[in-house]
Amino acid sequence: MAKAKFERTKPHVNIGTIGHVDHGKTTLTAAISKVLYDKYPTLNEKRDFASIDSAPEERQRGITINISHVEYQTEKRHYAHVDAPGHADYIKNMITGAAQMDGAILVVAATDGPMAQTREHVLLARQVGVPYLLVALNKADMVDDEELLDLVEMEVRELLSSQGFDGDEAPVVRVSGLKALEGDPEWVKSVEDLMAAVDESVPDPVRDRDKPFLMPIEDVFTITGRGTVVTGRAERGTLAINSEVEIVGIRPVQKTTVTGIEMFHKQLDEAWAGENCGLLLRGLKRDDVERGQVVVKPGSITPHTDFEANVYILSKDEGGRHNPFYSNYRPQFYFRTTDVTGVITLPEGTEMVMPGDNTEMTVALIQPIAMEEGLGFAIREGGRTVGSGRVTKIIK
């Protein structure tokens, strides 16, 4: 029970290990878990390598992902750590947002240096908006030549800079997950140093409550004598009664004032992120608003139709399509609470996309949706999900 009482007092941070398969992500995850357990036994649970390595299958929006969740604490923070062992698992996890990361540890084997998958993971981390990367130069016990280690470190820093991260300033810590697991004091200290770097350099995440208010509209009602009420679950921010808001998406942006907030038939003074509530909107008729729009703090988000995205297309086994699709494919894009038809353009050189592939694409929606980079969506056909993606760049 000791665990529960710490949970509220410390910042909670989501991190993960990313990088090339066989560079030791899972071993390092197990080593972090063990080193922190040995250092702070009252704060941490004992986990062995096998329990992390046998990553359980999860289904996120119908997509099968093997992923391990490990919790641990330093003196400063409580961490939830995700480790997706396979390359395909990592890509699915990043694109579907199954596990959001506030920061990630890029694991690069000192014996190999950055490989093709290392590059792909760093690019994807930037596209889906992982705010911070730092580097664990793993298997450093196997490289005797200091100059070679310096060279690999330089290569990794250049890779980070080329993908829009701060390669000059990012901490690069030389570690050995395996030796730390075996209890070798020099390498146990290296893992402690790595976690000290994570504590210091990964910024505290901005909590949902501190972001600008946004509530997707799920339903619209008329209350006789009072006006129009929209219901939904507040995604982020807080909203006080008598605040001005904008209704964004599908139609031209409308401004209104929230004259009442209700939750479970009780009147509230404000709505908070995570709560299901009804908002009474001044001067709007039932036909002025619809499901799929969002109620937002004025000026915080804008409607768009054209964007670039990174998408994972479900395999046949996951209940996806049985055959490929080409440019000009017109499925539905499900954003928050509604489907909007869109036309897909595949990148140059990509003839078609097979079930089970991940791809970049450009999409033109027939109606505008309140959108920002990093927003997730599902691709649907006749009500069933055939893909999952994230907006990587807004075009118009």
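Backbone N, Cα and C define each Cβ position, glycine as well.
Annotated features, as they stand in Swiss-Prot:
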- 19-26, 83-87, 138-141: GTP binding site (BINDING)
- Thr26: Mg(2+) binding site (BINDING)
- 19-26: region 'G1' (REGION)
- 62-66: region 'G2' (REGION)
- 83-86: region 'G3' (REGION)
- 138-141: region 'G4' (REGION)
Which of Lys25, His87, all binding-site residues, has a Cβ with the fewest other Cβ atoms inside 10 Å: His87
Contacting positions for the region 'G4' (138-141) when only residues 6+ beyond its ends and CB under 8 Å are counted: 23-24, 27-28, 107-111, 149, 174-179, 184, 187, 190
Tally of residues which DSSP labels helix, strand or coil - the region 'G3' (83-86): 0 helix, 1 strand, 3 coil
Residue with minimal Cβ packing [other Cβ atoms within 10 Å] among the binding-site residues Ala84, Ala140: Ala140
Intrachain C-beta neighbours of Gly19 (GTP binding site), sequence separation six or more, cut-off 8 angstroms: Lys25, Leu106, Val107, Val108, Gln117, Thr118, His121
Thr26 (Mg(2+) binding site) and Ala84 (GTP binding site), distance between Cα atoms, whole Å: 8
Inter-residue Cα distance where the pair is the residue listed as 'Mg(2+) binding site' and Ala140 (GTP binding site), in Å: 16
Cα separation, His87 (GTP binding site) to the residue listed as 'Mg(2+) binding site' (Å, whole number): 13
Set of same-chain residues at least 6 away whose C-beta sits under 8 angstroms from Asp22 (GTP binding site): Ala109
Counts of helix, strand and coil residues, the region 'G4' (138-141), according to DSSP: 2 helix, 1 strand, 1 coil
